[in-house]
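The structure appears below as structure tokens.
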Amino acid sequence: MSAMLLIEQALNGLQYGVMLFLMAAGLTLVFGVMGLINLAHGSLYMVGAFACAGVAAVTGNFWLGLAASLAAAAAAGAIVELTVIRRLYARDHLDQVLATFALILVFSEGTRWLFGSFPLYLDIPAALAGPITLPGGIEYPLYRLVLIGIGLAVAAGLFWLIGATRLGVRIRAGEADREMIAALGVDISRLYTIVFALGAALAGLAGALVGALQSVQVGMGEPVLILAFVVIVIGGIGSIKGALVGAILVGLTDTLGRFLLPVAFGTFLPPSEATSIGAALASMLIYILMAGVLVIRPGGLFGRA
Amino acid sequence: MRRETLLNLVIALALLAVPLAAQALDEPFAITLATKVAILALAGVGLNIALGLGGMVSLGHAAFFGIGGYMMAVLATPVQAYEPLMTWPIELAGTKSMPLIWLGAVVAGAVGALAIGALSLRTSGVYFIMITLAFGQMLYYFAISWPAYGGEDGIAIYVRNGFPGLNTLDPLHFFALAYAVLLAALWLAHRLGGSPFGLALAGARQAPARVAALGIRPYRLKLAAFVLSGAVTALAGALYADLNRFVSPSMLSWHTSGEIMVLVILGGVGRLFGPVAGAALFILLEHFLGGISEYWQLFLGLILLGIVLFARGGLIGTLAGREVPHD
């Protein structure tokens, strides 16, 4: 095992983490402001990926596809908020879970109906294809490096939006006391639609960006959704900072665990056993991390509870 | 007789009548469908103990359903392969006997629920939902990456396990078993609801602070209910694995958790026969919508959405009205 390979894997983990952050940020915003648990967030990720793949296939331009993914996911989010989600704010979590589970069925089967069951492929734009040589002589795919950059830029933009703009003030006020800001004359239902569409757009962006690395298929959003939940539990619900730290922690733990555990077991077990035990344990590692955080801080690292 | 009691009786008799009629008409597939209803209803009865009585929205019950299923495979595959289950520290043979497998499933489900519940119940509300979901997913990925029991492909058990005095390969006999287990679980859930434990649990759901003020720790109460709930769902998993003679990680997938929850809600949360009515409706929808369109889950989603938004209380709530307070 060389140090170069380790750095490469760490970068992969970072890239995975910032993409998880895009998912988790929307979820945690929607929960923080509206008190809603949204299982259909993964569907918005899928919508973004399909919109990007569809537009890129027709126009041949990845960037147009990326713009389309933002627009499609935001539009889908706004429509869903106006028709369904809006009726759920006053309901208990059970109703929210069920209604959004129903939305997943509608989105998944609807997409299967439109695009068929076969995965679509989305090519990495030509300008970003191929590796780049980092200082120290490490060859690393340029596209993944760009993803890290985009993810960190979006994170910075989000911190600015929440911390320094009028919309951000309203969002934070909505988290603190929704009756009061409604009484102060803020159109709360419009604010909710905007926040939901913003979260949806972030999910759609993540779906499109990751879609170019993997295949674009129905159900692709669900594993990511559950990982985003793990991220939120680790970071603390409603905290954007927690989502960022949690996402990078989960990304690094998962990627490095899959890389290092089989190697570690290999030092005292025969190779085939080491691989299978290492892989099985690595697949559980982030959940063990989550359990550990729960034992020490039940409210998450940056939670209020 | 209360309207709901009457309705429960009708549901129980209808579920019994369908396979008998199917036997007379020589339609074995309908018997299998009715067996599936009984087994899924059993899983729902398990979830309903946590959800309805304890107010714990667990989105990870597929974990226990799958643990039950895999326990069946763990015990039955050594017999199939003519190998001992383990040789160290003691020599132990596998078994094809359903009562022993059920015992194994219930114990494994209870242990799993104790571990997951002890961690998850440190939190509440939306955290609890996400954490149960995450732990369920953990087992799912473990089952996929662990090669001993087929990994992603699952494992087939060629001959259905036996029950003393019955021919379990006869669909009607197997239905009778599943139905009897379901009735026993319903009886247990009914007795639980009226017992001091059940009343304290209902108190912990409605007003945890008051229950704590009375000197009862809600945490222990909820954990006990969660363990019981997981054990019943694991039993359903063992039966389901025997019905299909096949176990795969899909039993552990979070879609299964969602489906068990959906059928409890379709029937009515916290209603004794809610899971039975819900499972019947779910299987009927699956069967008939599935016959109309390949994309039947789209319509299932729309129907579910309509029920959640406009028909709260599920099937039993719609037919029997609001829950009557206890006498």
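Cβ coordinates are placed from backbone N, Cα and C, and glycine is handled just like the others.
Features reported for this protein in TrEMBL:
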SIGNAL    B:1-24  signal peptide
TRANSMEM  B:34-55  transmembrane segment
TRANSMEM  B:62-80  transmembrane segment
TRANSMEM  B:100-119  transmembrane segment
TRANSMEM  B:126-144  transmembrane segment
TRANSMEM  B:172-189  transmembrane segment
TRANSMEM  B:223-240  transmembrane segment
TRANSMEM  B:260-285  transmembrane segment
TRANSMEM  B:297-320  transmembrane segment
Recorded stretch that, among B:34-55, B:62-80, B:100-119, B:172-189, B:223-240, has the most CB pairs under 8 Å to the transmembrane segment (B:126-144): B:62-80
Close approaches to the transmembrane segment (B:34-55) from elsewhere in its chain (Cβ under 8 angstroms; 6 or more beyond its ends): 15, 18-19, 22, 61, 64-65, 171, 174-175, 178-179, 181-182, 185-186, 189, 192-193, 198, 201-202, 204-206, 221-222, 225-226, 228-237, 239-240, 243, 259-261, 263-264, 267, 269-271, 274-276, 278-280, 282-283
Intrachain neighbours beyond the transmembrane segment (B:297-320), with Cβ under 8 angstroms and 6 or more residues off its ends: 3-4, 7, 262, 265-269, 271, 273-274, 277-278, 281, 285-286, 289
Contact between the transmembrane segment (B:260-285) and the transmembrane segment (B:172-189) (at least 3 Cβ pairs under 8 Å, separation 6+): yes
Within-chain partners of the transmembrane segment (B:172-189) [C-beta distance under 8 Å, separation at least 6 from its ends]: 12, 15-16, 19-20, 23, 31, 34-35, 38-39, 41-42, 45-46, 48-49, 53, 98, 102, 160, 163, 166, 232, 235, 239, 242-243, 272-273, 276
